[in-house]
Amino acid sequence: MGSSSSSYAPKTIYLDVDGKVQKVVFSRHCSPCDIKELLCSSSNIPRNTAIMMVDPEGALVSIDPTMPTNSPNSLYKVVPLSTGQLGEKEDMFQNVLSQVAEQFSRAFRINELKTEVTNRLAMLEKRVELEGLKVVEIEKCKNDLKKLRDEMTSRGGGRVNCPCKYNFSDDGKKVTPRRDVPNYPKYTLSQETVEALKKPTFDVWHWEHNEMLSCLEYMYHDLGLVKEFNMNPITLKRWLLAIQENYRNNPFHNFRHCFCVSQMMYGMIHLCNLQEKLTLTDMGILMTAAVCHDLDHPGYNNTYQINARTELAVRYNDISPLENHHCAVAFQILSLPECNIFANVDPEAFKQIRQAIITLILATDMARHGEILDSFKQKVDNFDFTNEEHVTCLKMVLIKCCDISNEVRPTEVAEPWVDCLLEEYFMQSDREKSEGLPVAPFMDRDKVTKPTAQIGFIKFVLIPMFETVMKLFPQIEEIMVQPLRDSRDHYEELKQIDDAMTEKKKTENMSLGGKKK
């Protein structure tokens, strides 16, 4: 059950950098190029420099995930290759490349083909732009009508304490995408990316917002949701833009977290073969709830909303104020014709889809964790995929798993999320202190550390929930449950180190105090 039994455990080597020991940790799934970049960075060598690595005896060490580990007593050294060693090979390589390029150019008339493709792309872009301009005109007419209505109707009062980007009296103006015509770059996903998207090991930190939008768009197409709900592809793009622009730039609850949860949902759909067990409508509900689940999160949790008596807490009577708000913003966006991906769905079917999405988003309130997990435990041993109540409970547990799944991912992907979450916690606890409100110990910068924040959460929330899901889908043990156990062991080791350091400082202080007397 320890780190050694998992293929996801990171690998550690030790380098001699200017006479000092430098510890380097990397995933066993890193490519040799990634490892070389990491070694260059660790050794203060410019990126893309050709390097070799030697052991204390001067023997060459292969730079790849299978390299042998060493210890601080047997350091490796990274050595940049001189220009002279590379120059001759580079010249020969450039000559060969030039000859090959010339032959290809002659054989395939590359320039002519390039011109033709460029012209065709320009024509397609123009058609998309024209369609978008029509939508802009319609939107202008709608805005004019709204202004007239605003003049006839008195608007509601100001907001309290924790203002939200979206306000019910704004009539949807804030949720319209700032870019009327979807114009984020058109990325063609490589086969490697397509396969990686289906796995929990996917590194969500390597992607810009436009690339994440393209990945989400691909997921909807790949699962057959665009065809099933007869979505207009341009509307799907516009909806995704509106979603992105209605996530705030919080340290944790931001658009990258939205993408993280949605990608994990997409991965679990593939890993658990849910396409064979659930309907396409269920797939659409799961994915859309994941995308929308934290819309317009203000960065302060339900406890703060209730204690500070914010507008959201008052509006929703202290009952899951944030989750109710996320739902409201989600359906305010869908109420815009240019963003309604369910526009071609039968009204009665849409009612059921809407209710199901609301049910899933409300299930992400951690105050309901015990209630939802207990309900699932009662059903899991005799689970019936034809029973609607059973399936609804499963979907609630799936979105909960995805929402708090960061520790399932490799350490180098998961650990930065802990820093982001603690930063958001500390912002809240500082504000609570300044406003004279109660402060939760796990959010107090003076009381919590990274290990203490994670150990209890992993042991008593994550592992029991994922092990329950594992009863229904045994295939998740190696890929999702074992990494959680490894993560628990990792943080327990860190806590032991922290405790030992604290004890050592106490002893030293006592010793110094005794000498002064």
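Note that Cβ sites are derived from N, Cα and C of the backbone, with glycine treated the same way.
It should be emphasised that the depicted structure is a prediction, and the values quoted were computed from it without experimental measurement.
The domain 'PDEase' annotation in TrEMBL covers 177-498.
Under the heading AMP binding site, TrEMBL lists His253, Asn254, Phe255, Arg256, His257, Asp294, Asp403, Gln454.
For His253 (AMP binding site), the same-chain residues that are 6 or more apart in sequence and have a Cβ closer than 8 Å to its Cβ are Tyr247, Asp294, His297, Gly299, Glu424. Marked as active site, proton donor by TrEMBL: His253.
Look at TrEMBL and you will find His257, His293, Asp294, Asp403 tagged as Zn(2+) 1 binding site. Of all Cβ atoms in the shown protein chains, 22 besides its own fall within 10 Å of the Cβ of Asp403 (AMP binding site).
Annotation source TrEMBL lists Zn(2+) 2 binding site at Asp294.
Each residue contributes its Cα atom, and for His293 (Zn(2+) 1 binding site) and Asp403 (AMP binding site) those atoms are 9 Å apart. One residue stands out among the binding-site residues Arg256, His257, His293 for having the most other Cβ atoms within 10 Å of its Cβ: His293. Of all Cβ atoms in the protein chains displayed, 20 besides its own lie within 10 Å of the Cβ of Asn254 (AMP binding site). It is Phe255, among the binding-site residues Phe255, Asp294, Gln454, whose Cβ has the fewest other Cβ atoms within 10 Å in the structure shown. Per the record's binding annotation for AMP, residues His253, Asn254, Phe255, Arg256, His257, Asp294, Asp403, Gln454 show a top Cα-Cα distance of 23 Å.
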